[in-house]
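Just below is one structure, and these are the notes that go with it.
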Number of protein chains: 2
Amino acid sequence: MLTLFRYNWQVREEWFDWCEGVPDEELIRQRIGGVGSFLRTLWHIVDSEYSWIHAMEGKPDVQLPFEDYQTLCRVRALSNTCRPEIRFVLEKWTPDWDSKEVHAPWRPGEAFSGGHVLRHVVAHEIHHMGQLSIWARDLGREPVSANLVDRNLG
Amino acid sequence: MLTLFRYNWQVREEWFDWCEGVPDEELIRQRIGGVGSFLRTLWHIVDSEYSWIHAMEGKPDVQLPFEDYQTLCRVRALSNTCRPEIRFVLEKWTPDWDSKEVHAPWRPGEAFSGGHVLRHVVAHEIHHMGQLSIWARDLGREPVSANLVDRNLG
């Protein structure tokens, strides 16, 4: 499972790099589908990953309002800031966490299994990166590759 | 890993259902990005999954040319036809397959690890379903949900 997270982080870094070459107004422009813009999508996947990992740990949710992350630089910094804590949690993962009961503050009264939460976080990011690839082509630009087998993931 | 395949199959079924409610000309219309149309995307994920699973087994590749699958009904039938064999292979999966050397006829001279191949197939489908979700919104329709935690996946 950690390999799929490392795949996502690598793809995400490449999308951050890709965005560096795109005018800011294109990154914040409202688009059809998904959560509406390149920048908001990147913020959303970081926020979502961090929230679910906190929920896994039984910690309170940390609010990371998009209004505080209105530039590519800030969203990338947020991603880098959250990463070590997320990696630390994932690296202590043992198979019994798969059945661990997880409660998310934003879904009161519900319980999720730890295994499904991790799979959800992985699938969530890949799904949104697929959306970016369409918007990239709309801009006439080649998107970041989603290919997994050609990556050095150990 | 099998859970992620079951997630993909469930989402794929919902996309097939979704497509039933869309005029045929919209399913084959050439769109910007991805592999170009709803129908071709659905065919492509089935073809890709089947090809990699065959490669995992060391079997020769089976050609499933898109020209033979030009209707939703045919692509859906192809998906249903391939499923039992794919499920059978995945259900015999043991952890040592993770390091199994896989050769793909369409990538001569290269070797891939079994674990990476499975992750690749999973990520590949999620990525393309993300693309469909943008095209769905372009059509003014609500896409199939990509949510994993709200699905009954056992």
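Here, residue 1 is simply the first one shown, and the rest follow in order.
Note: Cβ is positioned from N, Cα and C throughout, glycine not excepted.
TrEMBL does not curate its annotations; it predicts them automatically.
Per TrEMBL, divalent metal cation binding site is recorded for B:H44, B:H124, B:H128. Non-local contacts of B:H128 (divalent metal cation binding site) by the CB criterion (under 8 A, 6+ apart in sequence, same chain) comprise B:G34, B:V35, B:T41, B:H44, B:I45. Secondary structure at B:H128 (divalent metal cation binding site), taken from DSSP and collapsed to helix, strand or coil, is helix.
Sequence-distant neighbours of B:H124 (divalent metal cation binding site) (same chain, 6+ residues apart, CB-CB distance under 8 A): B:I45, B:S48, B:E49. Other residues of the chain with a Cβ within 8 Å of the Cβ centroid of B:H44, B:H124, B:H128, the divalent metal cation site, are B:G34, B:V35, B:T41, B:I45, B:S48, B:E125, B:H127.
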